[in-house]
């Protein structure tokens, strides 16, 4: 479904991504694993068009998206949930969802606020509350819900477990499982190996802007050396 | 007492018009982050278009009521369309440019619109008809109060309510509010920003046009409406908090009432009063009454500023040759050319002084003419009241301007970005209105005449050489300071205030001193200019002179030391040629600025340096 190949990106003169390549299959949850600063978020932003790639291809459902503006990439069916959440603080929950709303492609059951409130029950009680007056966990739920309103086929989730209490993390993992069960493909970025293990099928290990290892989560469990070298602190 | 009520009501009526203009400005800024200098021009166009539609009876077929009101609404629609065209043709190309360049480009639009309006409607003031059904007056506490003013008082809250509904009850409005907070996120959610931005710009322009059109029965339409309006609208928007509609409404009420009562209480210093309030508000609440520190704004998307590098050898040699030629000119060129060269030299020092605070200091001063004028007035007042010799005047000038810089700078250097720019503009307007309104001392609009050099410096070649020594010497001294430890501390404070503080640099004090130094050198330029012209006028402190300096620095390029010098020569030369060669110099200058901003966002020297580095 998503093919990334030879992707490079720079901030000024610093090389952030070098020749990054991986793929996400339909209905799969793939996880980009790596330490802080490894290039996970930049990979996400480059796929989304928020960082301009200096080389490489991003092919989504046969369409080359590298260098396209973010809104066109979103309309092609990729939904982006940023690490910093970026809730519109002055807008209510309902209004935040309205900004994300896009018509669903034919044959797909569209996401509605009601369906999303069933997925994230906490949000249902605060539809008129401004996004700025919500807890971190509630904001994280809202930012995922907001992106789902666009009815994407592939979801980019950047560190959804970051800064959340353990009980919320478990709930988040359950929600992601439900979203996957609905047929969405997901590309997750994580440094929390435990959380990745709860939801992901396959791992892409990234360090200093390069892909170092790819394989199933089960294979990663067995590959002590890979985890030692690229993931442990 | 009754007077006061009527005065308060007429203040409310002015507040309504102010709010219409300011609301458009603040909505546009909120979403696009562009400070639209041309907003006053759109207001003026609204008034002119309304005048044409109404007096030519375009809507006369629908009866006298619609002849008038159709014309007013039609003008708002036409202005909105003009705004959309400006956004599509110009602004869309420069959203990624530094904010000062955007300001410069919209100032180019101001110049173009001035000439187009002059060509289309002529130079004389135009009087519009009265509004049907609102011609009469009502008696309030026994005093007559025009009905139309009462209608205007109602327009402000009505428009505020309408905008509130638009922004809370429509998808377009919700998207606008979301984009005001974080436009990149809105794009990532699949919203095509280009359409949103064009829509917002058209909305803002339409509001400005409506504000202008509604003035038709109240006052004459003229070519000076643009700059006077934009200054007031800036004050309202900044006092209210950039991007806040309710803030703009409160600030419009405050400023409207202040102007209305200012005339009763302190007729001499109404202008000073308004700007003083703005300064006080910004010191107490740096982001305006209801504004917030900018957030959700991600670091500028442009390339990082290049490092300041010593001039290459070739450039130094070129400089030496030019200097030798300039010295030699004193013996060769006739008097007229020498006085043009003298003006260029003055512009050069003025631009270098502004660059000192803008480039290394990282603080955009929109009111640098205040210090230029302070130097000029200090010298002229000394001549007039103490019959002092020239050397005394020239010696006093930098101290007077530097002192003014210390006072104003103490407020200004606390802020940064657009807010600092607006505050410096406000202070410059205070200085300007003092020179303009304090007639007993400054001579007001008539200025001070007879500020001639001492006998020995009367011959043009001698004065030219004196100007050469002072201006080139001053510019070189400024350059020296940039490389000195003080300059290094200044640049460190600009690039990373936190880290600079952490290694023991008092960034506030450094910036404050830099501001005063910059002002003092502008004062030197001003005093040379005063003696070269033999007179001083309030225009020396006016907005257009401040903008001239900005143009020089930005056209030349902020991040090179030689840029402002190049910009000074280019701009002074261009103006000289254009004014002599054509009646439409504003149009040409405006178009040139727009093209330069679109094609050379790094400035002339920046482009030259990029070409040079590519070659190497």
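Positions of Cβ are set from backbone N, Cα and C atoms, glycine also.
What TrEMBL says about this protein:
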TRANSMEM  B:12-35  transmembrane segment
TRANSMEM  B:42-62  transmembrane segment
TRANSMEM  B:68-91  transmembrane segment
TRANSMEM  B:143-167  transmembrane segment
TRANSMEM  B:233-256  transmembrane segment
TRANSMEM  B:263-284  transmembrane segment
TRANSMEM  B:314-333  transmembrane segment
TRANSMEM  B:345-371  transmembrane segment
TRANSMEM  B:391-411  transmembrane segment
TRANSMEM  B:418-439  transmembrane segment
TRANSMEM  B:462-482  transmembrane segment
TRANSMEM  B:586-612  transmembrane segment
When counting Cβ pairs under 8 Å to the transmembrane segment (B:12-35), the leader among B:68-91, B:143-167, B:314-333, B:418-439, B:586-612: B:143-167
For the transmembrane segment (B:143-167), distant same-chain residues with Cβ under 8 A (at least six beyond the ends): 2-3, 5-6, 9-10, 12-13, 15-17, 19-20, 23, 27, 130-131, 134-137, 173-174, 176-177, 207, 214, 217-218, 245-246, 249, 252
Selection from B:68-91, B:233-256, B:314-333, B:462-482, B:586-612, the stretch that has most Cβ pairs under 8 A to the transmembrane segment (B:345-371): B:462-482
Tertiary contacts of the transmembrane segment (B:233-256) (same chain, 6+ residues out, Cβ under 8 Å): 11-16, 18-19, 21-23, 25-27, 29-30, 39-40, 43, 156-157, 160, 163-164, 167, 180, 274-275, 277-278, 281-282, 285, 287-292, 418-419, 422-423, 425-426
Long-range Cβ neighbours of the transmembrane segment (B:462-482) (under 8 Å; 6 or more residues past either end): 308, 323, 326-327, 329-330, 338-339, 341-342, 345-346, 348-349, 352-353, 355-356, 359-360, 394, 453, 456, 490-491, 517, 521, 524-525, 528, 531-532, 561, 565
Intrachain residues whose Cβ lies under 8 Å of the transmembrane segment (B:42-62), provided they are six or more past its termini: 21, 24, 68, 70-72, 74-76, 78-79, 82-83, 113, 117, 120-121, 126, 128-129, 205, 208-213, 215-216, 221, 223, 225-226, 229-230, 233
